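Visitor: Pasting in a structure now, in structure tokens, and then I'll have a few things to ask.
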Amino acid sequence: MSSGGCSIVWFRRDLRVEDNPALAAGVRAGAVVGVFIWAPEEEGQYYPGRVSRWWLKNSLSQLDSSLRNLGTPLVTKRSTDSISSLLEVVKSTGATQIFFNHLYDPLSLVRDHRAKEILTAQGITVRSYNSDLLYEPWDVNDEHGQPFTTFDSFWERCLSMPYDPQAPLLPPKRIIPGDVSRCPSDTLVFEDELEKSSNALLARAWSPGWSNANKALTTFINGPLIEYSVNRRKADSATTSFLSPHLHFGEVSVKKVFHLVRIKQVFWANEGNKAGEESVNLFLKSIGLREYSRYISFNHPYSHERPLLGHLKFFPWVVDEGYFKAWRQGRTGYPLVDAGMRELWATGWLHDRIRVVVSSFFVKVLQLPWRWGMKYFWDTLLDADLESDALGWQYISGTLPDGREFDRIDNPQFEGYKCDPNGEYVRRWLPELARLPTEWIHHPWNAPESVLQAAGIELGSNYPLPIVEIDAATVRLEEALIQMWQLEAASRTAAENGTEEGLGDSTESAPIAFPQDIQMEERHEPVRNNPPHGTRRYQDQMVPSMTYSRVRVEDEETSSVRNSAGDSRAEVPTNANTQQNGREPMDQGMLQNVNRNTRQRRNNTTTTFWLRNAAEDSTAESSSSTRRERDGGVVPEWSPQASNFSDQFVDDENGIGATSPYLQRHPQTHQMMSWTRLPQTG
């Protein structure tokens, strides 16, 4: 045991001993103290949900066991300030170096930058590494050195990089332990007694931990992968990898996934197995989508809060807690949606195709604010992942440049025919419909009364009627789009007249109250009936605590990524339904004109389904530059640009909405929000 000069390896979402660059660096440097700090209060409104905490508890247990087998324990600390706890561990162990792996969500970007500044000022050497991505976000740019704005161009660049992601690192043979005699571990409590009983069934379906992650990867590569291209959208069977919770917690290296899958592709190519090759290409695309979520989060730190297309801030979301409750409880009257929501509550899991269906229904049919749905997913998913979930909900909401057409509604009935053709998935999760013939399983409201009686179904009693008719939802969506464009046009006119600073700003100007039962922090949601103020300036949009060394901001905006202990949350009106909330009647001619415009709006060739942040998610990690950060990565520190990054889109032939007549006529509406790129670490 070393008594001084040891190194701290700070574990976060990299709970593994193999292919862990920070751990490898610590082992090379000498004695190691492994530390995990549980400070969920730092996450603000993104306090981990029940099932996510269950997974973390079990994953940490296996990591501690593995580290002990290698020679050192895992020191666990309960804290409300990670950096203060790190300083205490440094003092009690005599450590002189700290190693950790990068994270890319805005909360971690702020914390890690602050950690490097404070620890370095104390004389501690701090090194950070890439363990979560194929390529670091700052390494993947277009020919002008700017970040990509569509997934296709981003992923094409990743696949054509001049250097491959590094091969995975082997686990250390042994670890020299640092002196932790004066650094006792805290007992971490991740679940209360009630939650323990609720979580008891999870262990039957899931096995957290890095060694189990490797088993799951091997099972997928040697099994479902070969037919992935054919079966990936089937919700009624195990056709995907189920790797996403393992990937979120860093139990398996994403670059290990990438390399092993590519090896399989080469093998199948040599055999002439075209179906296998296609399956790998599609699975690699899911790897790319996960990579892209981190890329977007790094370049646009507010992507979990604001639409990336400016005109979407004017969309008149429906504020209806009754709709929200029916969706959460699986009582919408649409069997595929209800089955998905009940599975989510019971298991913490959803097939990626079902995620698309339930989120599209939430945004397009119920027209509830997308951030409500994203927050509920965060609270209930085993693989809750801020970056992937934000990108997924923005894609579904049409708030990405290459996202789903905003006027497109996925009819759950027809989606059921595709992903659950025999109705087995619906029957599993909706036992009240179990006796309904397959012909009617996805639209029981059309079934003859005799069929319903024989199946023991009384619509409106033991199974609800549809909460909103699809045809009515389509008309309501068209009306909402008209209102959105009217407000956007008014805002542009005000900006052009010098009365408002609105261009390229996705800041919403008045809050929508959030349901208290999901404890959402009040944020500035889209304003629909009042034009935005003209008092804010573009630079105010930055994450203030990420830019304190560069940009001075007002006190009231000191941090929108940290949750203020004293913030107040507004009540949701019990009958607040914005169907009657400021929407004016639309004449038929205007509706027809909107129909023509919206049908042409986007050629959605990029993200053909949601991010696969569930079963198929995976990305390979590697170092970030041609010399690859094995000796400790330095994240480039980028200064605020002289002009808005969004300016490039106006005449970019490959830009956002290039095929959209509406967006071509209104170039300001398709400017992606540009946040000043900031140092992740010092």
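Glycine is treated like the rest: Cβ placed from N, Cα and C.
What TrEMBL records for Y228, T240, S241, F242, L243, S244, F283, D383, A384, D385 is FAD binding site. Among the features that TrEMBL reports, compositional bias 'Low complexity' is placed at 592-608, 616-625. According to TrEMBL, the feature compositional bias 'Polar residues' maps to 669-682. According to TrEMBL, the domain 'Photolyase/cryptochrome alpha/beta' annotation covers 5-134. The feature region 'Disordered' is assigned by TrEMBL to 551-682. Look at TrEMBL and you will find W317, W370, W393 tagged as site 'Electron transfer via tryptophanyl radical'.
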Visitor: I'm checking region-level scores; what's the whole-number mean pLDDT for the domain 'Photolyase/cryptochrome alpha/beta' (5-134)?
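Guide: Across the residues of the domain 'Photolyase/cryptochrome alpha/beta' (5-134) the model's pLDDT averages 95 on the 0 to 100 scale.
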Visitor: Please tell me which one of the recorded sites listed here (W317, W370, W393) sits closest to S241 (FAD binding site), measuring Cα to Cα?
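Guide: Out of the listed candidates, the nearest Cα belongs to W393.
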Visitor: Near W370 (site 'Electron transfer via tryptophanyl radical'), which of the recorded positions Y228, L243, W317, W393 can be found within 10 Å, Cα to Cα?
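Guide: Checking each Cα against W370 (site 'Electron transfer via tryptophanyl radical'), the hits are W317, W393.
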Visitor: Taking F283, W317, W370, W393 as the recorded positions to compare, which has the smallest set of other Cβ atoms within 10 Å?
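Guide: So among F283, W317, W370, W393, the recorded positions given, the one with the fewest Cβ atoms within 10 Å is W317.
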Visitor: Rounded to an integer, what is the Cα-Cα distance in Å between F283 (FAD binding site) and W393 (site 'Electron transfer via tryptophanyl radical')?
Guide: 20
Visitor: Which of the binding-site residues Y228, L243, A384 has its Cα nearest to the Cα of W393 (site 'Electron transfer via tryptophanyl radical')?
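Guide: That would be A384, the closest of Y228, L243, A384 to W393 (site 'Electron transfer via tryptophanyl radical').
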Visitor: Please count the residues of the domain 'Photolyase/cryptochrome alpha/beta' (5-134) that DSSP assigns to helix (H, G, I), strand (E, B) and coil.
Guide: 65 helix, 27 strand, 38 coil
Visitor: Please report the distance from the Cα of W317 (site 'Electron transfer via tryptophanyl radical') to the Cα of L243 (FAD binding site), rounded to the nearest angstrom.
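Guide: Cα-Cα, rounded: 34 Å.
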